[in-house]
């Protein structure tokens, strides 16, 4: 038996790649300096994996921004608008990821979507009529050669053709089948080039196989692979799946002329059942047995019990998915040993794979005994009062009265907002000064009084600016918050916070998910102080800003000893208490963000309601069910596919919902219209995840497109998302254009 991983974190132990890349974006270092730093980081990571005793090391799992974008460049799926710019290859790459606005042209970034049911986001390639798929890139070969020069025979990794086609966008008049033959040739060219360099195997990632597949999709998969595998150029080919099981294509998959198949034994409900039904003796099974998405220690006894039931003769132990979804290492954390011993980040998961392999080979008795001892400990007790509160909930606790239509009329009369009311999503730019003051306060270098005075001053500035430029509903800017989940978690019992537990979310952006350690209750009011202060500075309504229970759960590392449903209800009651305190303090518009509602939706439609929506939607309703009818509840969602769960979103029973929409060309509007969506909506009118400022007329056109699909009485005008990561200059320029466009649109109503 041997060991491997599907992929390793890219940003570095201390987010070195992030900080170096951001220096490049600011023109503080050259492209050559960026590439050299990335090369050093890859070597460091390969060496860590090697020293931990992992026998098969992947390469090309690294990325400067996103591995899906890497594949687009590898296969020449690059829009003509970017090719026509006089930019270097690296500049083109970042233009697709972030947009480009300069002397050489103006192009928007490609759309960004959630990577299956994770908090990672991938850049969505677009096939045009002019797209000519071919082998065009060199990164996969360069990185294989880099590793080889270090004495490492790695297994190059690339997105497989089926997943690439399934997750890409297509221009009107273009479809996936148009590119099958060219993809077959391109992948075989990759095989040939790798074989020429001395590679012996390749990993093709096909997570799209774990979703519900139609007959046409299965036919596409088989057509691609029967032809690609007809000439493997001497390479051993591994088809790697993750995030679930492959029940729809298992029999077809095991009968392909492939050398190895990677299956997920952590999230794959039916994986063990499928394999027990038979696995070919001539193929190697890569068994994903160590959870790549959560940070709890692996229970060796449970994992070994699964492995003992696998009939495959040749097994390689691996992670259930890439380790980019967990932090780098626990070595830099400051938890007490009694706590820290329960956690395994990416580096520690390498140890777990090595331990399991050793135990399977009749060694490792000491590590097995230590693991048994760890799991024999009762980690944390239950909060009896909280459990009783949840047990006492009834249907009435999940129902807001009066119904939406009556509330809508009451609120329009109460607020007297103009048509197309304008607002922002919540946060304003957090400058170096803001971050420095927060850090100084946390280090006790700044007193509470000094910090409060600073926050009051900056809130005053932004309230005044919003009033001057003409926003209808204001926000306080969230300057006191480092992260929309961590900030709340710090005021809830049952939460722990890592010092360096960063995980890549998109591009160079990292998030530091808190850890749900025990039962969750609110310790004290969280947002009332600054929301009330901001409201006292203006006669216009100021939104209270909260993170919803499902998002807090989904953007935390959840417990594994109770269900995520029970954890979410605990969080919902804590946020409900905060909502009622805000309302009592005179905050009449309260936004409860559910940015991650879609994130943990099961990948198979048959599981959507029973396994998720049947408790996630009620959890949100529980939060706001008892507010007064003239209190307006907003929510916000971003960077996910929402069109297939529109009825469930309407059932949240919010009064207003804002969506990310600009990068996806407002595709959600047709579905809102078709589903007779009742909630008032604010489709984002410009993309905030790019530093690009909308051109004159651009937002006007977007608003026209919105009003063609949604009645003006139902429309709000807002950006896509919060503005925390943007610069002040670009933010004010973009928001001014938003307001000008909204005012112009009102004149035409």
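For all residues, glycine too, the Cβ spot is worked out from N, Cα and C.
Residues or ranges marked as active site, proton donor by Swiss-Prot: 689. Residue 689 (active site, proton donor) has a Cβ environment of 23 other Cβ atoms inside 10 Å.
Swiss-Prot lists 15, 16, 17, 18, 114, 555, 599 with the feature 5-methyltetrahydropteroyltri-L-glutamate binding site. Take the CB of residue 599 (5-methyltetrahydropteroyltri-L-glutamate binding site) and look out to 10 A: across all protein chains shown you find 22 other CB atoms.
According to its DSSP assignment, residue 478 (L-methionine binding site) is coil. The annotation L-methionine binding site is assigned in Swiss-Prot to 425, 426, 427, 478, 593 on the grounds of sequence analysis.
Listed in sequence order, 475, 477, 478, 543, 545, 591, 593, 636, 722 are the same-chain residues six or more apart from residue 426 (L-methionine binding site) with CB atoms under 8 A from its CB. When secondary structure is read from DSSP and collapsed to three states, residue 426 (L-methionine binding site) falls in the coil class. Residues or ranges marked as L-homocysteine binding site by Swiss-Prot on the basis of sequence analysis: 425, 426, 427, 478, 593.
The annotation Zn(2+) binding site is assigned in Swiss-Prot to 636, 638, 660, 721 on the grounds of sequence analysis. The number of other Cβ atoms within 10 Å of the Cβ belonging to residue 721 (Zn(2+) binding site), over all protein chains shown, comes to 26. Residue 721 (Zn(2+) binding site) carries neither a helix nor a strand DSSP state and counts as coil.
Within 8 A of the CB centroid of the L-homocysteine site residues 425, 426, 427, 478, 593, the other residues of that chain are 424, 475, 484, 545, 591, 636, 721, 722, 724. Its Cβ taken as reference, residue 593 (L-methionine binding site) is surrounded by 25 other Cβ atoms within 10 Å in the chains shown. Among the recorded positions listed here, namely 17, 114, 689, 721, 721 has its C-alpha nearest to that of residue 425 (L-methionine binding site). Around the Cβ of residue 478 (L-methionine binding site), 21 further Cβ atoms fall within 10 Å across all displayed protein chains. Residue 16 (5-methyltetrahydropteroyltri-L-glutamate binding site) counts 15 other C-beta atoms within 10 Å of its own C-beta, drawing on all protein chains shown.
In terms of C-alpha distance, the listed recorded positions 427, 638, 660, 689 place 638 closest to residue 114 (5-methyltetrahydropteroyltri-L-glutamate binding site). The two recorded residues residue 18 (5-methyltetrahydropteroyltri-L-glutamate binding site) and residue 427 (L-methionine binding site) have their Cα atoms spaced 22 Å from each other. Under the DSSP three-state reduction, residue 555 (5-methyltetrahydropteroyltri-L-glutamate binding site) is assigned to coil, being neither helix nor strand. Taking the Cα atom of each, residue 15 (5-methyltetrahydropteroyltri-L-glutamate binding site) and residue 638 (Zn(2+) binding site) are about 25 angstrom apart.
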